[in-house]
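Peer 1: Please find one structure pasted underneath; my questions will follow.
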Amino acid sequence: MAITYVFCIIYFVFYERNPNFPLGPKGFRFLHLLRAVGGFVGVVGQYWSLLYLNVSDTVCITFLAPTVTSFMAYIFLGERFTKVEAIGGFTAFCGVLLIAKPRFLLDLLSTASTKISEKITEDDIKDSHNRLIGSTFAFVSTFGTGTAMCAIRKIGFNSHPLLMVSIYALFTTVASFLGILIIPGIGFQTPHTVKQWTLLIVIGVTGFFMQFLLTAGMQREKAARAIAMTYTQLVYASIFDYITNGKIPQGWSLIGEIIIVLSVFSIVYFKDLNQSSSYTSLRDSDRDLESDAISAIELQDNLEGGDTDSNFKIS
């Protein structure tokens, strides 16, 4: 995030001077802070969950962010939260349970069917506690992300997207540095090899573009539809997780990931159909009103012009 903030400084100092840099425009500074805090919680929760879950499982759980964002927007922004979104969110939560494999679910499956219990290994039971902890952090991450997305939508075009990114990057950098100093067992470390420095720079550069494009997209499109583009992370995460760690989602985790992806895509798909249907109905209604208005004007012209056409009748 420090690299991201440096890029933001370079942009506002050398390319486009912004009078609202670095604190943001007055009247929206609290929302900028809320966006920064929510984004920080989202990032920390996601990275912390990686200590207990593999990359694809963590990314898959964060796919609940569109549902969480829609629900939070319904509460705090007064936006609609449809039945489709509620059902899709519940279905996605069932998929998360299959990924998390909490102990109570393993016990339930083991007593429900002998065939299913044979497929659950001892390693799955031992690993359920760690997976539950990792899933909890991932859940917290989704709520943090939802808070940040709602704040961005509330700010709208009243602030430059890079300005929001810069405040978020600065807050994350300072909070992380304080966390290193306060939390015991965490020490400040610097990369030791060229490979580590290269990876750090790659993370910083790609993170900068990701934050900028995400913020700009949220300003221009509704949250659920904009975040839907991030679903492709699952494909990339699974590929890179296989390349780096040799891990492939299998069994219940794979089923859970499929359920979550299908659920969140259905939320966006049916929501788009409803909006298209409403828009079409609105256009038809507008055409009817326009036709009535034209008929009224023609009638008025005929009356004023004294039209005596025998075919023209008023009933």
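Using the three backbone atoms N, Cα and C, a Cβ is placed for every residue, glycine included.
Fair warning: this is a prediction, and the values are worked out from it, not measured in the lab.
Below, the features straight out of TrEMBL:
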type	residues	note
DOMAIN	5-99	domain 'EamA'
DOMAIN	133-268	domain 'EamA'
TRANSMEM	30-49	transmembrane segment
TRANSMEM	55-77	transmembrane segment
TRANSMEM	84-100	transmembrane segment
TRANSMEM	132-152	transmembrane segment
TRANSMEM	164-188	transmembrane segment
TRANSMEM	194-214	transmembrane segment
TRANSMEM	226-244	transmembrane segment
TRANSMEM	250-270	transmembrane segment
Peer 1: DSSP helix, strand and coil counts for the domain 'EamA' (5-99)?
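Peer 2: Here the numbers are 71 helix, 0 strand, 24 coil.
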Peer 1: Using DSSP, how many residues in the domain 'EamA' (133-268) fall into helix, strand and coil?
Peer 2: 116 helix, 0 strand, 20 coil
